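Taking it in order: structure first as structure tokens, then the write-up.
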Amino acid sequence: MARIVAADDDDTPPFYSMELNTHDSTLGQLLKNVSDVRKMAIGDETPVHESLNQDDDYMRTVPFVLSFDNLTYNVSVRRKLEFRNLLPRPRTEDPEIAQTGRPKTKTLLNNISGETRDGEIMAVLGASGSGKSTLIDALANRIAKGSLKGTVKLNGETLQSRMLKVISAYVMQDDLLFPMLTVEETLMFAADFRLPRSLPKSKKKLRVQALIDQLGIRNAAKTIIGDEGHRGISGGERRRVSIGIDIIHDPILLFLDEPTSGLDSTSAFMVVKVLKRIAQSGSIVIMSIHQPSHRVLGLLDRLIFLSRGHTVYSGSPASLPRFFAEFGNPIPENENRTEFALDLIRELEGSAGGTRGLVEFNKKWQEIKKQNNRQPPLTPPSSPYPNLTLKEAISASISRGKLVSGGESVSNGGNTATATTLAVPSFANPMWIEIKTLSKRSMLNSRRQPELFGIRVASVVITGLILATVFWRLDNSPKGVQERLGFFAFAMSTMFYTCADALPVFLQERYIFMRETAYNAYRRSSYVLSHAIASFPSLIFLSVAFAVTTYWAVGLDGGPMGFLFYCLIILASFWSGSSFVTFLSGVIPSVMLGYTIVVALLAYFLLFSGFFINRNRIPDYWIWFHYMSLVKYPYEAVLQNEFSDATKCFVRGVQIFDNTPLGELPEVMKLRLLDTVSKSLGTTISSSTCLTTGADILKQQGVVQLTKWNCLLITVAFGFFFRVLFYLCLLLGSKNKRR
């Protein structure tokens, strides 16, 4: 395995040194020892971990330099429908403006260039709408290919999307965390997702403990994250946990969008101090920040000020006074440098000429600065190993202790082991481990909110009790048949309406899912499967609870086997309904809109199920909805389960007159009418003659096309079908990139 070590000389810049406390280097030392054993095993006689100084034997890897040139990003501007747009416009030389009244595109980034290196924090500053978040997204490859112009390179090589996902992390502005997990559990799940399977569980725990100390949240390690209804950790601690999730795999590139937003000055300083330690451990940190305090400014290494997509300043914080002094607006001695700069930029933006003069002055100032230095301040050839490719540099970092998610440095063989290759899988773990970890996290989070499942159980049991008391011990008369039909229609539709509570589950997790899958923490297919696995045990419990509550109380037929099928079709209905609602949650972004659509569609399913109108009576132009109805198949299945006994009679003798105006006649008159009917038909119909069996009822209801087992299979298949649609929604609709 190649040993890439920075030279130990007096000319090495200060950011070459690594400032790690004992907690930060724990896992690096463990992996380093493994590397030493490998070296001795293959006979490599090169020195083992030469020290940069006498106190620290942890060696720096090849330096990384991130450069970006002429980044330009334009977006289409939709034309608003306004009354003034209908009026004739004055002529103009610009045909585009003449046609639409304003340009069709808006420039969010205009030829932005810069560079930074490991050990440094680059901060992007500017007013709202200046392009700070857009620049961070551009560097983090969160803008769709083809929309962004310009180049982003690491050590002079263009970053491929797959490689960038492995060696980088992106921390969103919002703290997207599961509220019922503790800080330690949250970081441990992140370690299970992002650290390679080859790393033992014990070392993953060591990494989590070291990270907790590095983030300064040791006192909150056993505290839940919390939300509006559950007291948890503070806002500053939440932000540090959010950062910790994305740096668990020790990324080379770390992007952060407004990490100090909403925090007080002390919490903001603690967050940036953590980022400084991360940078000093060998990472490049790039973040957007609104208005840093004096203490925060002291931790920053490079600044980029933006104004409406243009660069108005790029350089170190120490150069700010000189820059604005030469521009003609010197910074007062006791003034916060960044506050003065931002105030001046806002003032210029409101003037007639805007910031054009400041933009042009910055370009000239940068050119003069380069001429005085005779070369750019940061270039990859400054490395003592300028001929290394990017993969070799990353491989060397991994061999020295960088955890880079799933990446492994592999020797090409030979006694000298002078070359390395980088094995970079798309995901750190195989699919079955992802499913196991996701299911465990989901079940743990649900177990700590028992009131949610309790309400669902109570809803099902109370509904079952109401139905049991209303339809208590139905007889086998014509009225009993009608009441059975009503019970089955309401019961089967209840299964689907009860599943509507699954709608907000994914809507609440959507942005957590997008954050985790954006950088390949796990596969989308793993999430879909784990989502189904985690929800299935509760469906079984609900199915048995409803079946036990209603089956014997209503007096349904079929015995033990009938009860078993009754449980199965209820479970299949829950499964199908849950999958259907889950699919809708992947399409509809709003809870209220989602509930409206779910209730409406389930009402249509019930309408066309065959209870209110038989299949033969449904108009041809609506018959397709009958076959798409999720309620149809469970409804027909329970009808066949109840009326499949051909020997069981439901209408005998004078019962034929029930549910008709003749039903009010005295019993003697009914017998005379029955005798008259018998003579007319030429047959004998007595008061005990069976006139309608279960098979006749099924025929009357139009339930003759499918068996009950076919209905069960179709219901189950609907569940899998909607899960596949849910997966496609996640695959196509969660790219997490700007267009």
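Each Cβ is built from the backbone N, Cα and C atoms, and glycine gets one as well.
What TrEMBL lists as domain 'ABC transporter' is 81-333.
Within the chain carrying the transmembrane segment (453-474), a Cβ under 8 angstroms from the stretch's Cβ atoms is held by residues 446, 480, 483-484, 486-487, 490-491, 494, 498, 501, 538, 541-542, 545-546, 549-550, 553-555, all 6 or more beyond its ends. As annotated by TrEMBL, transmembrane segment applies to 453-474 (among others).
Among the features that TrEMBL reports, transmembrane segment is placed at 486-507 (among others). Note on the transmembrane segment (486-507): residues 452, 455-456, 459-460, 463, 467, 471, 474, 513, 531, 535, 542, 546, 550, 554, 570, 573-574, 576-578, 580-582, 584-586, 589-591, 594-595, 598-599, 602, 605-606, 609, 611, 630-631, 634-635, 638-639, 642 of its chain, located 6 or more positions outside it, place their CB under 8 angstroms from a CB of the stretch.
Note on the transmembrane segment (528-551): residues 434-436, 438-439, 442-443, 446, 453, 456-457, 460-461, 463-465, 467-468, 487, 491, 494-495, 498, 502, 506, 563, 566-567, 570-571, 574-575, 578-579, 582, 723, 726-727, 730 of its chain, located 6 or more positions outside it, place their CB under 8 angstroms from a CB of the stretch. Residues or ranges marked as transmembrane segment by TrEMBL: 528-551 (among others).
Summarising the annotation, TrEMBL assigns transmembrane segment to 563-584 (among others).
Same-chain residues lying 6+ beyond the ends of the transmembrane segment (591-613) with a Cβ under 8 Å from its Cβ atoms: 485-486, 488-489, 492-493, 496-497, 500, 503-504, 507, 581, 584-585, 622, 625-626, 628-632, 635-636, 701-703. According to TrEMBL, the transmembrane segment annotation covers 591-613 (among others).
The transmembrane segment annotation in TrEMBL covers 712-733 (among others). Residues of the same chain lying 6 or more positions beyond the ends of the transmembrane segment (712-733) and with a Cβ under 8 Å from any Cβ of it are 513, 517, 524-525, 527-528, 532, 565, 568-569, 572-573, 575-576, 578-580, 582-583, 586-587, 630, 633-634, 637, 706.
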Long-range Cβ neighbours of the transmembrane segment (563-584) (under 8 Å; 6 or more residues past either end): 492, 495-496, 498-500, 502-503, 505-506, 531-532, 535-536, 539-540, 542-544, 546-547, 551, 556, 594, 597-598, 630, 634, 637-638, 641, 708, 711-712, 715-716, 718-723, 725-726, 729
- request: Restricting to the domain 'ABC transporter' (81-333), report the mean pLDDT as a whole number.
  value: 84
